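**Q** First the structure, which I've put down as structure tokens, then a few questions once you've had a look.
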Amino acid sequence: MNSFLNKFREFQKTVWFDWFCYLWTSVLAFLAFAPFYLSHFVWVAPFGLFWIAHKYSGQYKRLFFHGILFGVFFYSIAFHWIFHMAQVFGNFPAPISALILVLAGVLFGFKFPIFLLTYSFLSKKIGRHSVWVAGFCGLVADMLAPQLFPWYWGNLAAGNILLAQTVEIAGVYGLSFLVFVVSYTIFETNLFHLPEILRSPEKRFQFAKFWSLPFALFLLFWVAGTSLYFKWKGVKPVKTLEVLVVQPDAPMSIRDERGRSPLQVIEELMDRMDRLVSDAVRKEGKNPDLIVLPEAGVPYFSANKTPITELNRMYWYRFEALMIIFANRYKANVFFNEIDAKYKKASSGKEYLRYYNNNVIYDPNGIRTNAYQKQYLVLFGETMPFEFMYEISPQTGRFEPGESFKLLPYFSVVGEISKQPNPLYWKDTEELNADAVRNYYAGTRTTLKESGSMLPLICYEVIVPEFVRKFRNSGNPEFIANLTNDKWYGTTTESDQHFELGRLRSIEWRRWLVRSTNSGISGFVDHLGRFVPGKSTGLMKAETTWEKIEVFDSPPGFYVIYGNLIPWLMMVLTASYYLTILLSNHRKKEAK
């Protein structure tokens, strides 16, 4: 055993060991994450960071450089789908796509250099509380580092369903702190010397003392998570909703490689969508309360008839007509995505035309009621930071962020439903526009009441907990609905990761999450943060999934009300304490 340790120490002196550290942390963190869910690896994944921090202690320029390489390696392994997205969405050649992936790691992997620099500095200057220093630096890195696709160390630990429950109180950052405290403790514990420790009373005492804080902290999270899990598991829903999620697998472009015209491509999509809905209802033998279609389920078009959308040939009457048919055919709410448009200035110049990524709900009578406009836009995909950059990347959308955080209401029928006429289908919209469809179903129009509200999110908005909290002042939603289009990423792990990162919103809000994607993975998450088994769709497939979701009448929880109060308090108080120590040490040094 000593021979192995000696060889490992010699290996640590080589440059190959540095590469080993990058791979250790990146690969194990990737395996701890979706879709593998080997969450136990998260407790040893930071070892690579600790090894580098100790090897280059006090060499801050080198540590910064190594931190950048950690970011590049992590992004290249865990977020390899950026390469695919750059090729598919940006039409960039492979070398440029690879460069974009590397730059993403450099620009958005800053949590790694932040951790290495702060950890090395504090370990050297404080000289004590090493376990707490590791947790503090991990927390600082997670909370302060800028990210394009936000992920946190706590997300990896949240693969454990009991620990995941604690995000209701401490948020995902609380779990990040726990990860680094426990990981550092394991790192500093040489298990090869365990027999020797057990034989010596003095060493047993030192071992117990060293493990006391991490063990107590882990036990606190475990007990709190277990208590919350069984508390919410026993809560009964006040009602249920039948929800049909449609995954149409719409094309990314209506310019078809098979030689079909754009009209043929889009008509085939709409017909497929109509058949998916009717087949799902026939299979279930009942009508849904809510039909949910994904972001870009009908690409490039709008169902909102305005002078601007008509002038710019965005409004398509057959699109709106089909949504009205869905609503009236099943007396269901229809929640879908569209593109809307307005002029940025009081001018009709094309350069001032701006688009909005809209989520819209039609009531069971087929009346357009409310819309939510996406606010958290994806940089370089939906918007550019500077106007001149649109000339460099003309395929980037000129989207404007919305401003409203209002919840979207949905409706239920009051009384008996009138006898339905023969149902209309997609093919009928060739001759019937939206108004004609409404007139056809006029005799079935019923009295409606507002039955509740949903929290509407588009694409990456669901993975940013601080953003989702901004809806708290608009009321108490009954469930969360996330419409997204992950087709840009093909069959990579992005859709699994996207779904997993959004899963924690169900725990923070104690509400079910309904996820509708264009090409997978669509599905449901319950209020305990559990994926509903057997109800998740595949990738690159046109299919549907149906679930009776549960609605809970509970007030907003601690995290929704107070946000990251606990992590911020921990960070500020610890930083103040360490600053006091540093100033005291500085005065003592000057006094000498």
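Residue numbering: from 1, along the chain as shown.
Placed from the backbone N, Cα and C atoms, the Cβ positions cover glycine too.
Per TrEMBL, the feature domain 'CN hydrolase' maps to 241-556. Under the heading transmembrane segment, TrEMBL lists 22-51, 63-83, 95-119, 131-149, 169-187, 208-230, 565-583.
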**Q** Sequence-remote contacts (6 or more beyond its ends) of the transmembrane segment (22-51), Cβ cut-off under 8 Å?
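**A** The answer is 12, 69-70, 73-74, 76-78, 112, 115-116, 119, 134, 138, 151, 153, 155-160, 179-180, 182-184, 186-187, 493, 496-497, 499-500.
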**Q** Please report, as numbers and ranges, the same-chain residues at least 6 past the borders of the transmembrane segment (565-583) whose CB is under 8 Å from any CB of it.
**A** 122, 125-126, 132, 136, 139-140, 143, 169-171, 173-174, 177
**Q** Restricting to the same chain and to residues at least six past its boundaries, which positions have a Cβ under 8 Å from a Cβ of the transmembrane segment (169-187)?
**A** 42-47, 50, 130-132, 134-139, 142-143, 152-158, 163, 210-211, 213-214, 217-218, 221, 224, 228, 465, 504, 508, 557-559, 563-564, 566-567, 570
**Q** When the pLDDT values for the domain 'CN hydrolase' (241-556) are averaged, what is the result?
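**A** That stretch averages a pLDDT of 92.
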**Q** If we skip the immediate neighbours and take only residues 6+ beyond the ends of the transmembrane segment (95-119), which ones have a Cβ under 8 Å from one of its Cβ atoms?
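**A** Distant Cβ neighbours of the transmembrane segment (95-119) are 49, 52-53, 60, 63-64, 66-68, 70-76, 79-80, 82-84, 86-87, 133-134, 136-138, 140-142, 144-149.
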